[in-house]
Amino acid sequence: MIVGLLVDQIKADLDITDTQVSLIQGLSFAIFFTLASIPIGRLIDRVHRTKAVAAGITAWSLATVACGQASSFIGLFIARMGVGVGEAVLSPAAYSIIADSFPRRQLGLAMGIFGLGSATGAGLAFMIGGAVVALVAQADTMVLPLFGEVRPWQFAFIIAGLPGLLIALAFLFIPDPRPLEQQHTGQPVPKAEALPWSAVRAELRSKSRFYWSVFGGVAAVNLSVLGTVNWLPAMYMRGFGTDLSTTGYIAGAMLIAGGLLGMVGGGAVMDRIGGGVPSARLRFCAMAVGLAAIPAMAFPLVPDIWLAGLLFVAFFTAAAAVVSAAPSVLQEIAPAGMRATIAAAYVFVINAVGIGLGPSVTAALADAFFAGGDGIRNAMAIVAPFGYAIGAALFFVAARHANPRSQ
């Protein structure tokens, strides 16, 4: 997310276009994030999951620091690919661990709290990144031990990446919670018995309408969200004339507020009205994003900065609710021994579309049809409701087939 805040600084230093920035935001990250997700998910079904998370966080952190050393479009593109490899570990491992740690009726809230970490992290990246860059912007360049001369935007990447190494170290000391039936008193927790690929393929085929409707629905929502959130700071700075620090605080506060309302609030509501009933959760998702298509279209276009913020929070809240619901439904229905693999397939699809296409679709629309500073706002007003409408339709389809014997 920090790339979105630094768009204009990166463009100026590297002499690149909005479309090239969108490739750094999306395609570079998505290439390895998506390609690595299924093999990594398969591996996670066989290994110590918290240690796998530690390895992923380490890779992500080092790649983020490498972004701060990039001095060309190609260099930054390659470093962002490394960020994707590291992050490909986290979601499949986390979904599998959470499913083994909470009863089904509480999975929505548990997944929501996990998802809130992502929204909060993105919000804090905007807030802290904007403040850091604004603080050091007057220096033009600075000299850091081990890193040499860096520009303010490069410094922001370095500051964002280094703390992750400490978090990775902490994960080495966290036990891997396996299901109770797999644990033996006084013995090390054994590895889960991963089911063969043939069983995974059979599962996806036998419940194809359910799985692919969920995958497609979340992918469409992800297209809308990442096609707008990555350009949110640019929208505020170009459309409302806010400075970098103010923009970071506004964008960060909106992401945290929407994440809290959607992921935790939405997760709790879904556990109450649809706990243990996957179809009820999916109908809730369909109605949430269907209604939120209205603020999705409106928030980029309204002339008032505060009204735009309120409408964005409504738009993002619906997406956040989906993020807490969809993984919990998949983990309820996927058999043990393939949960991380199914989660990885889900991560592959939603991010190939959302991260791989979202930022670039918005930039391409703006460059092709909406010349001028407000072009990005007009493009966002098309992309945001488009994905939500498709997502709502697919969630209703998934709800009809959300039971263990769906065909």
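Cβ atoms are placed via backbone N, Cα and C, with glycine included.
What TrEMBL records for 1-403 is domain 'Major facilitator superfamily (MFS) profile'. Feature annotation from TrEMBL assigns transmembrane segment to 20-40, 52-71, 110-135, 155-174, 210-229, 249-270, 282-299, 305-330, 342-366, 378-399.
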When you look at the transmembrane segment (249-270) alongside the transmembrane segment (342-366), do they share 3+ Cβ pairs under 8 Å, ignoring any pair fewer than 6 residues apart in sequence?
no
Which bits of the chain, at least 6 residues beyond where the transmembrane segment (210-229) starts or stops, bring a Cβ under 8 A of a Cβ in it?
1, 4, 26, 122, 204, 255, 282, 285-286, 289, 296, 300, 315-316, 318-319, 322-323, 326, 329-330, 333, 342, 345-346, 349-355, 357-359, 361-362, 380, 383-388, 390-395, 397-398, 401-402, 406
When the pLDDT values for the domain 'Major facilitator superfamily (MFS) profile' (1-403) are averaged, what is the result?
84
